[in-house]
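For reference, the structure I am asking about is given below.
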Amino acid sequence: MASRGGGRGRGRGQLTFNMEAVGIGKGDALPPPTLQPSPLFPPLEFRPVPLPSGEEGEYVLALKQELRGAMRQLPYFIRPAVPKRDVERYSDKYQMSGPIDSAIDWNPDWRRLPRELKIRVRKLQKERTTILLPKRPPKTTDDKEETIQKLETLEKKEEEVTSEEDEEKEEEEEKEEEEEEEYDEEEHEEETDYIMSYFDNGEDFGGDSDDNMDEAIY
Amino acid sequence: MTQAEIKLCSLLLKEHFGEIVEKIGVHLIRTGSQPLRVIAHDTGTSLDQVKKALCVLIQHNLVIYQVHKRGVVEYEAQCSRVLRMLRYPRYIYTTKTLYSDTGELIVEELLLNGKMTMSAVVKKVADRLTETMEDGKTMDYAEVSNTFVRLADTHFVQRCPLVPTIENSDLGPPPPAPTLVVNEKDMYLVPKLSLIGKGKRRRSSDEDAAGEPRAKRPKHTTDNKEPIPDDGIYWQANLERFHQHFRDQAIVSAVANRMDQTSSEIVRTMLRMSEITTPSSAPFTQPLSSNEIFRSLPVGYNISKQVLDQYLTLLADDPLEFVGKSGDSGGGMYVINLHKALASLATATLESVVQERFGSRCARIFRLVLQKKHLEQKQVEDFAMIPAKEAKDMLYKMLSENFISLQEIPKTPDHAPSRTFYLYTVNVLSAARMLLHRCYKSIANLIERRQFETKENKRLLEKSQRVEAIIASMQATGAEEAQLQEIEEMITAPERQQLETLKRNVNKLDASEIQVDETIFLLESYIESTMKRQ
């Protein structure tokens, strides 16, 4: 500032304090001025001390790596939703993307959490009941058709989370599926000649369809 | 929160909970307490994602919420609690040494899940232990419960704050968020449960669910049928108690290094006796009489009372002042100076860092200035017996890294520089803070490097995982040696080499993280203890 500008004029290299006091004697060579930032990896003068090894160190190390892996598998690890690609691909059907319906995979104790944090999944269902009732064909007792429809709905369930185009379709499926659950599984079984549990509809290839519908009722 | 801490928190959250939770968490750490909609708006994430992330964070005790006036709920992140995630392996290992595998798994489940009810923990741990046991044996719930009770008695696990039970009638609409109440008395009270059962082994072909469709049934049966007896009582790991244990361990090993095994045993006995009586932040333990100590010594040690008294006197006279004598009644009343012990440990850490970074001559100067408190340039040269030029150089190196600072003492009221004393001094508290900051940066660097290394070799890692999976499945179906050999050769020798190097590097980086975390613990304890005294 002002004084510094003035000092520059008068006597170059004059400092405001006595250099000898901090130990720089007259005529001593000062280190060269730094003209660039220090190097990213400066050379190490002294090698670092070796890390602790031995049973305890190994165990804690293994524990750490295990914990890291375990936490990635827990439901608390939230993966961002896979962005929709330009074309629909066949493999999309068999890939498990994020939790369906944007719900949480685990059940927290809702009494301990603020109410606003509950994700309302029911909203869609309510809308659906008003829209779809006229559309829905009368329920037939044709079990084969039901089975095929159920297959379709479960397949479609494995696709992406609600988007504008798919919304209607999904609403339809989920409504259907909800109604179908009212069937007792045993009853259903008795009506066919085929034992439902032996039937492998190939869904398991892509991963089980998580029946989040059961848990959506909070 | 410093930038270094925020960066480290961000890395930890991303590694353990994913990107969404990381974004929300870091935003909250940066900006303090905020309501839900503001978070969603500022971070640009959808409301649903924010809700999910907040649920996870609250479950793991990383975020707390508060109801403000007009029903607005604000969320606040706890940065220091996020940094504790580095120390999880150490907590689990400590429990293993104290309570063996059962205790280890209990604490691991509690840490991984944030908070759980006792029945849930017992069930899960029993299942996990049963898996590792031989065929036919199962783990009984009672044994796990016993270990849990012991952990609660020694305060290693504690109850979470409770939701108060309110009568709905007169309060009108329920509040937007419960105000959790901390019940001091019952914090370690274990509810009376009669948990009867054995751990279940998880088999690959689900025999229990045979004949029923797989997906829907099992979810219904276990959880909803019986009412859980300890509903609403959640437990969490008590990190403060673990820290107390670590601190005691550090003090005992310091005494063992400085003196001998017997004195460290005496100090350990004293610390154990004051575990429950002294709060963890007290500067001294409660005074203990020499007679009491004599009675409480572990059974194997048969030293006579006189020898014990001699040891105690030696400890009390030691310049490090770990043990102090506070009176003469009962054969001599002794206390452990916790604050002084922590200060010595922190100082020793600083000295060691200076020695490893700058060399032993610098360390000599550093110790000298520490001891003499304030020294002039000339005096340093004389006392340390190091030639002037080198001494100057070293002092300036340490000064530039902020291990040493300059203190000005003016001779005249106008503070003229030619008439001012400049003294070198070590301010332990500020040097400790500086070192702590550097530690945070180091760990962040270590984590970044490890992630970089893993990403570089991602393709190779995936390939090796696939090959292992193929080999495992082939072994299960019974393949010949030749076939297995063929599959193994899918990974070429240079690739194997690369994998070896990668594994070695990652292990080294991980071990370094653990090591730096130990230093962080010492420095943080010292700083905390000093701040509490002021």
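Glycine is no exception: its Cβ is also placed from the backbone N, Cα and C atoms.
TrEMBL: automatically predicted annotations, no manual curation.
Note that the coordinates shown come from a computational prediction; the quantities given were computed from them, not determined experimentally.
Copied straight from TrEMBL:
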- B:211-228: compositional bias 'Basic and acidic residues' (COMPBIAS)
- B:7-66: domain 'RNA polymerase III subunit RPC82-related helix-turn-helix' (DOMAIN)
- B:146-345: domain 'RNA polymerase III Rpc82 C -terminal' (DOMAIN)
- B:350-426: domain 'DNA-directed RNA polymerase III subunit RPC3 winged-helix' (DOMAIN)
- B:197-230: region 'Disordered' (REGION)
Give me the DSSP three-state residue breakdown of the domain 'DNA-directed RNA polymerase III subunit RPC3 winged-helix' (B:350-426), ordered helix, strand, coil.
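Result for the domain 'DNA-directed RNA polymerase III subunit RPC3 winged-helix' (B:350-426), in helix, strand, coil order: 46 helix, 14 strand, 17 coil.
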In this predicted model, what is the average pLDDT of the domain 'RNA polymerase III subunit RPC82-related helix-turn-helix' (B:7-66)?
90
Which residue counts does DSSP give the domain 'RNA polymerase III subunit RPC82-related helix-turn-helix' (B:7-66) for helix, strand and coil?
45 helix, 6 strand, 9 coil
